[in-house]
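Step one of this worksheet: look at the structure below.
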Amino acid sequence: MVSESHHEALAAPPVTTVATVLPSNATEPASPGEGKEDAFSKLKEKFMNELHKIPLPPWALIAIAIVAVLLVLTCCFCICKKCLFKKKNKKKGKEKGGKNAINMKDVKDLGKTMKDQDDDAETGLTDGEEKEEPKEEEKLGKLQYSLDYDFQNNQLLVGIIQAAELPALDMGGTSDPYVKVFLLPDKKKKFETKVHRKTLNPVFNEQFTFKVPYSELGGKTLVMAVYDFDRFSKHDIIGEFKVPMNTVDFGHVTEEWRDLQSAEKEEQEKLGDICFSLRYVPTAGKLTVVILEAKNLKKMDVGGLSDPYVKIHLMQNGKRLKKKETTIKKNTLNPYYNESFSFEVPFEQIQKVQVVVTVLDYDKIGKNDAIGKVFVGYNSTGAELRHWSDMLANPRRPIAQWHTLQVEEEVDAMLAVKK
């Protein structure tokens, strides 16, 4: 008995110890990392089990996964872009506000600029003009002349003595000067000096006479114009000057030098038009010119009319072969003639001849002045060449055409050209 109870007492403590140890093991908390790993492994296990249940091959599953990833990435990209766009709009708004904001420095600068402009307006200067220096006047040379009046014969005597320091208008560094002298306002009578070749200091020593009653002289102006002669084109004006007759003392002879001024640009004077027909018969070698009419002729007489008639010259190589004239039509600027003239021209010569038509104003006392001139045939151009060509293309048929009259000197220069 004693031994049994002793054994129980000895065995009891270990039982109690075990009991106390077990509870401590059971209630010990699990670490957070271990819990998460268990949850993830459970989800993975579950997901894999579900995948195994789907009746699809592995490659199809991979494709679906890739598409899903792409969709996610696209969504992310769109969200980012939207955010960036909003930021940019905000920035723009700030900049706009900055631009519209008034800068006091700019206002001051603007005020200063406006003040400068007002100052310029008062003085009448622009920026370019402020810096520009006054240009020197172009020197055109000078002319020495003399004036006298013959009271006994009612004549104005104009002497063209010499010119000096003329500008060079020709290629060789010289000019071919001559002087034109006329009275305004009528311009009816014009005089010209001889042409002096290749010189800038010509000596003329020529005198011209205008028959003008002294009572009418005060209302006239004398013009002296220096020209450069050109054989093949229009003569260039070098310079001119005007002398009002009411400023001249005719109690003695006036002799002086005057500087040439730039000539006023004169409009091409209208001289009028003429209509004539041409007819050529090659077999007979006969050229017929019919002067039909003229219109709007230049006024040549004091009464504002003219006494026009027409001269026709047949020319070859600068020589006048034949000359014909119409009748004179009195006091008219629109004469009607209808007069026919014939010339013998062999067929082999027709391409070498020229028909020169000149309208003149008849004057009983003095020289008959040319109103205007035109020529057809060899070396002609424009409307004149077309008229001649039409005549040759239509033998035996009269071809009529209107022509504009040209200045006599210009036509003569063209006739002098040899091709």
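Glycine residues also receive a Cβ, built from the backbone N, Cα and C atoms like all the rest.
If you check Swiss-Prot, you get these features:
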type: CARBOHYD; residues: Asn25; note: N-linked glycosylation site
type: REGION; residues: 108-139; note: region 'Disordered'
type: MOD_RES; residues: Thr126; note: phosphothreonine
type: REGION; residues: 133-379; note: region 'Phospholipid binding'
type: MOD_RES; residues: Tyr227; note: phosphotyrosine
type: MOD_RES; residues: Ser262; note: phosphoserine
type: MOD_RES; residues: Ser340; note: phosphoserine
type: MOD_RES; residues: Ser342; note: phosphoserine
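Counting Cβ atoms from all protein chains shown, Ser342 (phosphoserine) has 15 others lying within 10 Å of its own Cβ. Long-range neighbours of Ser340 (phosphoserine) (same chain, six or more residues apart, CB within less than 8 Å of its CB): Thr288, Val289, Val290. According to DSSP, Ser262 (phosphoserine) sits in a coil region rather than a helix or strand.
For Ser262 (phosphoserine), the same-chain residues 6+ apart in sequence whose C-beta sits under 8 angstroms from its C-beta are Glu138, Leu140, Gly239.
Sequence-distant neighbours of Tyr227 (phosphotyrosine) (same chain, six or more apart, CB under 8 Å from its CB) are Pro177, Tyr178, Val179, Lys180, His235, Asp236, Ile237, Ile238, listed in sequence order.
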